[in-house]
């Protein structure tokens, strides 16, 4: 972790790499660096151009008096679109969703009241290894080092509270309170986010964005990030040890984890290994294997289903982004995952024994029972119809809760996007993330599956989706409470006040933009609603409120909830 405060270098960067970046999905056209008029050679313009260069063409913001001048300069950049959100938390979630599709995202908030509001979203992005540039409009540079007390603070003459909070959830922090080193601080922060694939924090004094300075007299030179390199000797040794381990196995398996996102392009997979709630017959194959390679795993209490995975360390090769551990034996550092997997593939003997075993024991999934006419809608029937909506022109966003399990069972066509926040699991994440993801890839239609409890946390930024002309389909699953919490530990606190959700969205719509809402109670109404959303209303934001029974959950949630509950309720170890 690095912090740079004004011209004071608190911690030197750990890498001497030349900084660089190319964004595959960026639509911006970058011209060679050219001289600009002195009056335009400002910090605000430089930051705006730099964001465009790295692939950010939309910035999510909430105005506050400390960031207003900076927002003026972002608006003046013709290739940058400033999107005002209803609150800072959703602005951060939107930047998270944007980064998942575009490769990097950005948000702008005001000092402390805005910074601490967005902090939860930044923490989630950190847990998911997302490059997110969080920009805060800070105090006037003249106020640093004085005994003045500012508004939007806790009433003490110490402006570092916000910075200290961000230090644990960002990989680099830059406090820009003078123009002499502003260029260096901004560029170092942005390039570090890209290199480390983590969020960064940039605080900019509110009186600085519009002041010309010689360091900004030319357009910023595009980054050129030198790639990280593996230790060659360590790589060879790790590959040799892993190849020997796997080639003598009878039925080895490969399991890809969430950290693959950073190091490898999207790839297809056959099944989901999630312990007791795995795809049918998958856990049996993985846990009975005599060797397994886990690439980029996170073994937490949720992903391990309450620490109940039947895995043995002596059978496992664990490959992390920069480290390999072979069973109970050697560990190898300074090795990049992509280099290791590429080299290992050339040394392995073909072995599909586990795959063949799977097909021997496989029994096709059953289909939900056919609904009687006008029978109350069941969740498994709803997802059967969502499955039929998927194509390479769609993307699925799954909210924390039972949508995790139902969406994980969807079979994604090639090119279909899919996102959920497993490690951090912040309810309400999906509303902002849907806004950001849809803004990043307008050519895809996003299908968001959101529970009513989660929706109540962040509902207001459906308003921003409408302002942006997005055509998302939101399935609001109304079952009267926090269903995932019910299955872990039930109580009256898991029951929420029911809203008229379609009425709420109609009020937010208020006749501005394209929006269509409906409420469905049975399969026939769902079929009609989907036909309308994908037909006459295909260019509108469509909000489908689905009324289901409060106890209608996936079988996976029932199993997972009971095991997580058992893990949570373990008694203290004897002292």
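Backbone N, Cα and C atoms are what each Cβ position is placed from, and that goes for glycine too.
Curation plays no part in TrEMBL annotations; they are all automatic predictions.
Model confidence over the domain 'Thiamine pyrophosphate enzyme N-terminal TPP-binding' (42-151) is summarised by a mean pLDDT of 96. According to TrEMBL, the domain 'Thiamine pyrophosphate enzyme N-terminal TPP-binding' annotation covers 42-151.
Per-class residue totals from DSSP over the domain 'Thiamine pyrophosphate enzyme TPP-binding' (421-546), listed helix then strand then coil: 58 helix, 28 strand, 40 coil. Taken from TrEMBL, the feature domain 'Thiamine pyrophosphate enzyme TPP-binding' applies to 421-546.
The Mg(2+) binding site annotation in TrEMBL covers 452, 479, 481. For residue 479 (Mg(2+) binding site), the same-chain residues that are 6 or more apart in sequence and have a Cβ closer than 8 Å to its Cβ are 451, 452, 548, 549, 550, 552.
Under DSSP, residues within the domain 'Thiamine pyrophosphate enzyme N-terminal TPP-binding' (42-151) fall into helix, strand and coil as 53 helix, 22 strand, 35 coil.
Other than 452, 479, 481, the residues of this chain whose Cβ falls within 8 Å of the Cβ centroid of the Mg(2+) site are, in sequence order, 451, 453, 477, 478, 480, 482, 483, 496, 550. Each of the binding-site residues 452, 481 was scored by the other Cβ atoms within 10 Å of its Cβ; the lowest score goes to 481.
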